[in-house]
Amino acid sequence: MADPENAKEATTLRYAFGNVLSFFILLIGVLAFSIRLFSVIKYESVIHEFDPYFNYRVTQFLTKNGIYDFWNWFDDRTWYPLGRVIGGTVYPGLTLTAGTIWWILNSLNIPLSVETVCVFTAPIFSAFASWATYLLTKEVKGAGAGLTAAALLAMVPSYISRSVAGSYDNEAVAIFALIFTFYLYIKTLNTGSLFYATLNALAYFYMVGLLMGGYTFIINLIPMHVLLCIVTGRYSSRLYIAYAPLVVLGTLLAALVPVVGFNAVMTSEHFASFLACFLPLSDASSFVVLYIVTSVYFSGVMVRLMLVLAPAACVMSGIALSESFSVFTRSIKFQLHGLSGSSQVDSGDASSSTVVAQNDAGKAEKTEDTAKERPSKKSKKKEKGIVDKPSLKAKIERRLLVLPFEASIFAILLLVLLGAFYVVHCVWAAAEAYSAPSIVLTSYSHDGGLHVFDDFREAYAWLSHNTEVDDKVASWWDYGYQTTAMANRTVIVDNNTWNNTHIATVGTAMSSPEKAAWEIFNSLDVKYVLVVFGGLVGYPSDDINKFLWMVRIGGRDGQYRIDSQATPTMLNCLMYKLSYYRFVETDGRGFDRVRQTEIGKKNFKLTHFEEVRYS
């Protein structure tokens, strides 16, 4: 019968461990959220990039008009004169998530604006993604590996790049849904619970509404894992329960998303190259191996899928670091016990502990005195144990992979140092590389002074306040979402890029002589043309650097240059004239700081267009 005091002590230790574990999990969530706030601290609460402005505009429409009007919304302010059906062409998960958060907060009398909710949605779900990573890795390997993987994901730069505050895009929330779906699949696989299988199908449905085309990654990866289990002789009822409800319920639910429909049934793409094994190989670990292999392959095919690779890499790294620390700490513990004369050898992950007799002289004498008082049979067994002690200890060392004491200490210090470098790098990446919104630009002068360029928002504000509501604005498709969201004006093309012919029309106009361009824009009822030029301040992502794609999409080919050797076609096209109009007046010679050359044609006038504003 168990000692009540020992049982009470074990319960207390278990509760204490649970509290400490919960604290660290909460701390990881706070870290994941906080490290993504540099953009708000350094700049302001603003939406980043281009696509997030469309998502923000759609969320605004949802909160103002409701879900039914959202599904039936025909947007006549984009792709003029074609327009666009929004409800049937977007993945609604992100919009519905942010809209629900906004509705709940306002119901609780917390009057946050839609923009504020959109800005902080990505950091919030980054914390959720870290917790989901802990759950997934814990199911595969254990709590220690789960904590390590969660901490790595909270700071990994590839995930931060798409989830900083203001990055209101699908991937920011979809990565959490992806990891959580995998966790529920592994949980169902380990428990055989139909409850978790149903939750897995619902999580898959939620992810389908978020991850754009990425849902095919899950619906193909899981069947590959099932096939692997069948081939390796690991088929069981738990595998059937984990797979069947996901395929049946998940596919039916995915068909409810208008933009997906029955694509989940009609398409089947399986990409597998090789299988690396965990030791010991289990159903859960084989799934993680397959996950890392396929995500590495897909990230090599499309660089944007590095975001899908990040959780898999963190899970694998968490397992590896946890195992490394386990070996090193176990080695130190074994050596310390051997030096102190303790008879208890902690075997860590081993199933039992082994009692080994010690060499201490005083201990040996005490053993002999005790042996004299016991029956001779027991004395013989004791002596035999002492004789066999060296070989037994060697076997234990080999079994537990015991390393030298000094090497273990050095290895732990090295891992801690590398971890510190990783934290420093991740904080730098979050603060400097990924926190600058593309709509607000900054630069430093030679004396260290900070210059802020807010030209984008100034231009959109000018359009909003100085043009008619029904005026049409032509620009390259990169700026379409921002123009409709911030200036509330109709655009010809935007970032959806669903109609290449329409984009080619704009590209043709930009690369045509002024008169021909005017005729094209006039046929589209265009009243204003927006051009981004960075030759004066050294902004490399301007329209001149994008001009090659305007030419190619417009059906032409070749190279271009803007110096004295430029062709007459280039020097007389609309893009060149709008970009370099009166440019020579800035420094007297027309030196382009981006292209690092003087322009070829310096003094010219516009015949069919008029400059209304520049900044």
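Here the Cβ of each residue, glycine as well, is placed from N, Cα and C on the backbone.
What TrEMBL says about a protein is an automatic prediction, not a curated fact.
Annotated compositional bias 'Basic and acidic residues' per TrEMBL: 362-376, in sequence order. Among the features that TrEMBL reports, domain 'Oligosaccharyl transferase STT3 N-terminal' is placed at 26-275. Among the features that TrEMBL reports, domain 'STT3/PglB/AglB core' is placed at 470-529. Taken from TrEMBL, the feature region 'Disordered' applies to 355-386. Per TrEMBL, the feature transmembrane segment maps to 12-35, 85-105, 117-136, 142-160, 172-197, 203-228, 240-265, 271-294, 301-321, 409-431.
Residues 129, 133, 136-137, 140-141, 145-153, 156, 158-159, 161-162, 171, 175, 178-179, 214, 217, 288, 291-292, 295, 415 of the same chain, all 6+ positions outside the transmembrane segment (301-321), place their C-beta atoms under 8 angstroms from a C-beta of that stretch. When Cβ-Cβ distances below 8 Å are used as the criterion, the transmembrane segment (409-431) is approached by residues 35-36, 38, 42, 152, 155-157, 160-161, 164, 321, 324-325, 328-329, 332, 403 of the same chain, each at least six residues removed from its ends. Assigned with DSSP, the residues of the domain 'STT3/PglB/AglB core' (470-529) fall into helix, strand and coil as follows: 32 helix, 10 strand, 18 coil.
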